[in-house]
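Each remark here refers to the structure printed beneath this line.
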């Protein structure tokens, strides 16, 4: 079962580096890969590959638990989360754990529980990983045919795909259940400055949910990143979970159609490239989502978005100068446009100055001051509440910008708060990881296609240039 076909046919890339180091029969000679090629040695050893994946999951979950407890240990309830360099607690707070009105943390115990549960889970996964890597069967096909597979078995591969889709669908429904029945989630739009609430009136209309996918990605539209109410987010998860589960069942019950059998490459490396491509897309979408969206990523926990900080500064100075007697409705700025307020090309009243580029920002502290034609002058003169002033002054000084030059007019003098926004971290890290995953997708897709076409030869190791060079020492 292990050697259904010539290893040289499917691994023609010669990778001799240190052929003498043998690891439990998984050496260069038997696999075509040297020790440093990592899991490539395990391509046809389903049991050992399972061990590697379970151990990897254990490392991931261990990091989550340890980092979670580290953040709990360092957490100062009197300071905003986004001032403390936290990247995990904001996610737990967004799910409604431990927070009250205005995003104030009232109980850190749920965060502690989360960390401990992840640590315990990681121990179980770590044990399973070590067991399958060292003690379990090398291949699962003989003893546990349900869990065994051969990479070119198209029907088995789509069955595995189906199982994964069902698990993803269940994950989507876990969020739905939390929002509907288990305490609700944090809603930054709740009246008075945000609160935890149960989401009862879900948006299930397909025209609304799928309308997001048909929107333009540009300003004022913003594709799915423009979602700004939790009913749509949770309703979207109902749709997504249902599609994943139905699609998973379909993939388990069916075999690939002829066009799919012809169009796709059916090898382990090809599946790796497909997965990396998908993860890359997820990374780029997540980057835009965390950078621009303050509903799924509330500013109370992640800090303001870039546009939000810029608009908050314009609002703060409008409030100040209006108190000092300025007529904010008619004051002219240095360019001849309105200094505080101006009209957009389509006629709405928007903030003037450099922040005009962020005219389409929506934020809970600003929306009450809008009327049917944009910002309402009479509300700006009579209805501004103290909490809106405090919130905007706080956001103005916590822009997620570092020290960029083009910052939408935000004052970034060097005496500002020593501060890196978690929004910056999360957006940047997901962009960078998305890019690396995309490069990995191209690399493995190219190798998989070349191997399938039969012309991947690799370097001729007998006459490799480095062999004739003098040693470095």
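Yeah, the Cβs are placed from backbone N, Cα and C, and that goes for glycine too.
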Seminar exercise, completed: Between the ranges 234-254, 255-275, 318-338, Swiss-Prot assigns transmembrane segment to 255-275
Seminar exercise, completed: In Swiss-Prot, of the candidate ranges 40-62, 109-131, 178-200, the one given as transmembrane segment runs 178-200
Problem set entry | Long-range Cβ neighbours of the transmembrane segment (69-93) (under 8 Å; 6 or more residues past either end) | 99, 103, 105, 108, 110-112, 114-116, 119, 186, 297-303, 394, 398, 417, 419-423, 425-426
Exercise. What count of other C-beta atoms do you get within 10 angstroms of the C-beta of residue 367 ([CaMn4O5] cluster binding site), across all chains shown?
Worked result: 11
Exercise. Residues of the same chain, at least six outside the transmembrane segment (291-312), with any C-beta under 8 angstroms of its C-beta?
Worked result: 80-83, 89-90, 93-94, 102-103, 186, 188-189, 194, 222, 225-230, 233, 351, 354-355, 358, 360-366, 391-396, 398-401, 407-410, 421-423, 426-427
Exercise. By a Cβ-Cβ criterion of under 8 Å, what residues six or more beyond either terminus of the transmembrane segment (178-200) are in contact with it?
Worked result: 93-97, 99-103, 228-231, 234, 294-295, 298-301, 364-365, 387, 391
Exercise. Do any residues of this chain, six or more beyond the ends of the transmembrane segment (134-155), have a C-beta under 8 angstroms from a C-beta of it, and if so which?
Worked result: 1-2, 4, 43-48, 50-51, 255-256, 261, 266-268, 271
